[in-house]
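See structure below.
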Amino acid sequence: MAHLLLLHGPNLNLLGTREPEIYGRITLPQIDAALAERAATAGHGLSSLQSNAEHVLIERIHATREDGTAFILINPGAFTHTSVALRDALLAVALPFVEIHLSNPHTREPFRHHSYLADKALGVVCGFGVDSYRIALEGVIARLGSDV
């Protein structure tokens, strides 16, 4: 059994009500519950954290050095385009990670086209709405080789 960490960046606590035409109507607790259930079905544990504060996400990433986390799934939200610190934290712990986005940043404003994480991620899943999370998790499960 592997432990997976799912991180959500700024404004994702507003899912379901914030710009539903872009992000959909499903809430973050619904996403977390569905992913935890799928991970458990595959024999893995999954914990999640959402924060609007960059330092909280960084501290949680640092904690993976000692808590047995095997893989990180992260939707960094707007930190994708601004946070060298988040990139450095992910590199410091040297765990594989997948970058996730509900929308496709490349079809949006030009400032959203650059990611500070993508070149270091195992993969990037974007543009599939809530299914972006599911697709990313399935990829991680396949990488771990324990899909049941």
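The backbone N, Cα and C atoms fix where each Cβ goes, and this holds for glycine too.
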Which of ASN52, ASN75 does Swiss-Prot put in the same substrate site as HIS81, ASP88, LEU102, SER103, ARG112?
ASN75
Could you check the recorded positions ARG18, HIS81, HIS101, ARG112 and say which one's CB has the fewest neighbouring CB atoms inside 10 Å?
ARG18
Record-listed substrate binders ASN75, HIS81, ASP88, LEU102, SER103, ARG112 have a maximum CA to CA distance, in Å, of 24
Cβ-Cβ distance under 8 Å, sequence separation of 6 or more, same chain as SER103 (substrate binding site); the residues meeting this, in order, are ILE22, TYR23, CYS126, GLY127, GLY129
Return the count of C-beta atoms lying within 10 angstroms of the C-beta of ASP88 (substrate binding site), excluding that atom itself.
12
